[in-house]
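Remarks on the structure that follows.
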Amino acid sequence: MFEPVLLRNVDVPDGHLLSTYEAGGGYRALRKALGEYTPDEIVELVKESNLRGRGGAGFPTGMKWSFVPKAAGKPKYLCCNADEGEPGTFKDRIIMERDPHQLIEGLAVSAYAIGAETAYVYIRGEYVTAIRRMEQAIAEAHENGYLGIGILGSGFNFMVHIHRGAGAYICGEETAMLESLEGKRAQPRLKPPFPAVAGLYASPTVINNVETLACVPHIVMRGSAWFRGIGPDRSPGPKLYCLSGQVRKPGLYELPMGISLRELVEEHAGGPLPGRKVKAVIPGGVSAPVIPEGELEVGMDFDSLTAAGSMLGSAGVVVIDDSTCMVKLATRIIEFFHHESCGKCTPCREGLDWTVKVLRRIEAGEGETGDLEQLEMLCKGIFGNTFCALGDGAAMGLRAALKHFRAEFVAHIEERRCPFH
């Protein structure tokens, strides 16, 4: 039986309070880090753990930290990406609402490792409760010596600030988030330079996801070998999976990285609704290409899903049953990306505009011969030709829908109607 690590406090009464967190051993990792490790040793510990970023890209966290220049001549910043705008994803919200001190401790240890004295937590503006709980937790931590000047009697100074987002999905992209933090229009930057060298205010900056940072104190307390012992060697550790869609028991599940998608859906989430069958599953938020029912044995980790033609992304698992029209679903998803495109890149801005028009035409029973080929051409023109991955996510998802459920698109065009209505 897998014992929760990241979610161990979420169902504890008053789990968001400092007293509850301390009673469960909270902030011991920060004491240990400051008292027993140098910053470089913390970086090496996280490298050895093989912790990979939980925000979507899966980049090795310790390696990202090591890119920060030792003597930059400028202040260093730590930014927590808590924007969480990916449809089907809600894991970070639960941590911030129910166990905010876990994130704050992760921020403090991580900042100590990279030499940052200031952190910004960029929270999705709609997360009103999460923002309130984080602000309360920051105040508690400051009053009790876990934040501020000379933390726990050490020479380490550290402050955390909350920044509320204004509803733009693009701020989930790290450099667009930095632009927003600086008070500018949220649009992705051209890289290089990468944030580790020139990020917030042109200073060295590390950007990590909420779940990634929450893992750090546990690695400090239990060791890198413990972390590597959970899940696959190349993608180890506990993982938060967000289950939603047409499934009996939607919710947030913490399980080892690498669990099969079928086990996750059928055993833990209870399978499809009564009288229905699973048709497909989106494994990592709507940016991730759909996995058809026959391929659900795939492991829920970065490498396995990439090999299967999809991606783990934010682990927002959306279950789709046999009552769903894939043309309608694909249209709604592309409409979302079209609406959220920042407009900076022509292939994304214009390509998604045309893609929406063609999909709506097909959905309405007004599709024409050649429309599917046109959609494929549009996907080819968008993919790999934009500053960020928003356009890529849209193109990959639509390509997968056309590949696995082409017959439904053809039926809409040939029969001039939706077969599901």
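Quick reminder: no glycine exception, Cβ is built from N, Cα and C everywhere.
Sequence-distant neighbours of PHE59 (NAD(+) binding site) (same chain, 6+ apart, CB under 8 A from its CB) are ARG52, GLY53. Swiss-Prot lists GLY53, ARG54, GLY55, GLY56, ALA57, GLY58, PHE59, PRO60, THR61, GLY62 with the feature NAD(+) binding site.
DSSP assigns TYR201 (FMN binding site) to a helix. Taking a C-beta cut-off of under 8 angstroms and a sequence separation of 6 or more, TYR201 (FMN binding site) has the following same-chain neighbours: PRO75, TYR77, GLU182. For 165-212, the entry in Swiss-Prot reads FMN binding site.
Secondary structure at CYS388 ([4Fe-4S] cluster binding site), taken from DSSP and collapsed to helix, strand or coil, is coil. For CYS342, CYS345, CYS348, CYS388, the entry in Swiss-Prot reads [4Fe-4S] cluster binding site, with the evidence type sequence analysis.
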Residue among binding-site residues GLY165, CYS171, ARG189, CYS342, CYS388 with Cα closest to the Cα of GLY55 (NAD(+) binding site): CYS171
Spatially closest candidate among THR61, MET177, PRO195, the listed binding-site residues, to CYS342 ([4Fe-4S] cluster binding site) (Cα to Cα): MET177
Residue pair GLY165 (FMN binding site), CYS388 ([4Fe-4S] cluster binding site) - Cα distance, angstrom, rounded: 19
Cα distance (Å, whole number) from CYS388 ([4Fe-4S] cluster binding site) to ARG189 (FMN binding site): 8
